[in-house]
Amino acid sequence: MSVKVALLGFGTVASGIPLLLENNSSKIRAVVGDDLVIAKVLVRDETTKKRLLDQGYSYQFVTSIDDIVDDESIDMVVELMGRIEPAKTFISRALSAGKPVVTANKDLIALYGGELSTLAAKHQVALYYEAAVAGGIPILRALADSFASDKLTRLLGVLNGTTNFMLTKMIDEGWTYERALQKAQELGYAESDPTNDVKGIDAAYKVAILSQFAFGMTIDFEAISYSGIDKVRVEDVTVAQKLGYVIKLVGLLEETASGLNAEVSPVFLPKTHPLAAVDGVMNAVYIESIGVGQAMFYGPGAGQMPTATAVVADMIQTACTLRDHTVSVFNRFATKTRLAKSEDIMSPYYFAIQATNKFGQLLELTRLCDVCGIRVEQLLSDEIDSDRLDFVMITHEMSKKELACFTALLQDHQDFRMLSTFKILGD
């Protein structure tokens with residue numbers, strides 16, 4: 001007998017699934033013991049249904065979720081619609097109907113993954129979402145299984161291919177942010193509205209999911225500090241290179257004395273760090289742990305076939321649980337969520353500061369640092385013209401509490417303006 005699958009949506013990723021099922025049918029049959037068959041496909045409306053049929057697709061297209069959740073012959077549901085709704089409602093209905101679900105919906109899992117996992121457990125069915133983080137990199141299952149005996153201390157990730165492509169162009173070719181964004185949009189890497197990518201929101205969703213698998217903590221999305229690359233200047237890229245760094249948008253999870261720090265921001269990363277070599281649209285996750293030490297997972301973070309491959313892997317896992325009449329929980333690691341206090345989040349920082357060009361500004365800037373308890377490692381000044389003086393400052397380790405203090409002082413000071421702030425990550 002075959003395992004009957006219903007697809008919710010038939011976009012780029014979903015249309016790649018039949019190709020994988022056909023090309024790898026003998027291997028899938030050897031693993032599962034049965035074929036995986038696309039039995040039904042949910043599409044938006046009759047117009048979409050007609051268009052797909054005219055294109056030569058012969059699947060049973062339906063326009064109502066009722067035709068799937070009420071069909072007892074459907075063994076599993078694969079959601080590839082994207083966005084929160086109606087995906088959340090459809091997944092909830094499928095789980096409530098006793099049908100296991102596979103999804104690649106990172107936004108949904110980041111915001112409502114806990115709720116959906118509870119619903120899946122209640123109805124004793126599986127919910128898998130490997131493709132929700134870093135597309136073709138099997139990072140979630142590696143964290144859940146291969147690192148089950150290890151204790152992680154820090155996780156760093158280049159988690160957004162669009163911004164990594166843009167930063168690569170800014171670093172290698174000296175492009176401005178605006179030019180890099182335009183090229184990313186021309187190539188289809190960036191949406192017409194790139195907000196989720198360039199503001200760090202997309203990467204923050206992935207950090208929220210990774211926190212559950214790496215540290216067993218479910219973090220509210222609002223508790224994740226995130227910023228993007230939209231304020232990165234050509235001057236910052238140039239200075240970083242001169243100092244031996246590259247700028248990367250990095251998702252960070254790290255243990256502190258008081259709890260877990262979760263954030264996304266553009267950072268200065270040493271050129272010698274493995275993540276510094278992750279260029280273009282590629283993604284990578286770098287792990288530091290007590291047992292293994294350091295390990296990095298590298299690969300495509302998006303694209304039809306990489307993402308579809310992760311989805312089909314989840315489908316195979318689901319089919320195996322159906323065959324064995326077992327209920328498999330994707331992630332069993334759960335601990336009490338403890339968030340780091342701002343005074344415990346430590347790092348050196350780089351600041352670019354604009355000042356009114358007048359006598360005593362260096363001393364005044366030093367005084368502001370002293371007020372906040374910041375120790376300066378390097379402070380350089382550059383006279384731009386008779387009215388403007390620019391400073392570049394590298395600090396010793398300082399806390400986020402001290403950062404907030406310093407930022408507030410500069411905002412209230414009539415002679416200074418913060419141009420750029422970057423955390424500096426070590427090797």
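Along the chain as shown, the residues are counted starting at 1.
Even glycines carry a Cβ here, placed using N, Cα and C.
On a predicted model such as this, the values are computed, not experimentally measured, just so you know.
Among the features that TrEMBL reports, domain 'Aspartate/homoserine dehydrogenase NAD-binding' is placed at 9-130. Assigned with DSSP, the residues of the domain 'Aspartate/homoserine dehydrogenase NAD-binding' (9-130) fall into helix, strand and coil as follows: 61 helix, 18 strand, 43 coil.
Per TrEMBL, the feature NADPH binding site maps to K106.
Residues or ranges marked as domain 'Homoserine dehydrogenase catalytic' by TrEMBL: 138-316.
Look at TrEMBL and you will find E191 tagged as L-homoserine binding site. All protein chains included, E191 (L-homoserine binding site) registers 13 other Cβ atoms within 10 Å of its own Cβ.
Within 10 Å of the C-beta of K206 (active site, proton donor) there are 24 other C-beta atoms, taking all protein chains into account. The active site, proton donor feature in TrEMBL is assigned to K206.
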K106 (NADPH binding site) and E191 (L-homoserine binding site), distance between Cα atoms, whole Å: 16
Neighbour count (Cβ, 10 Å) for K106 (NADPH binding site): 23
Within the predicted model, mean pLDDT of the domain 'Aspartate/homoserine dehydrogenase NAD-binding' (9-130): 96
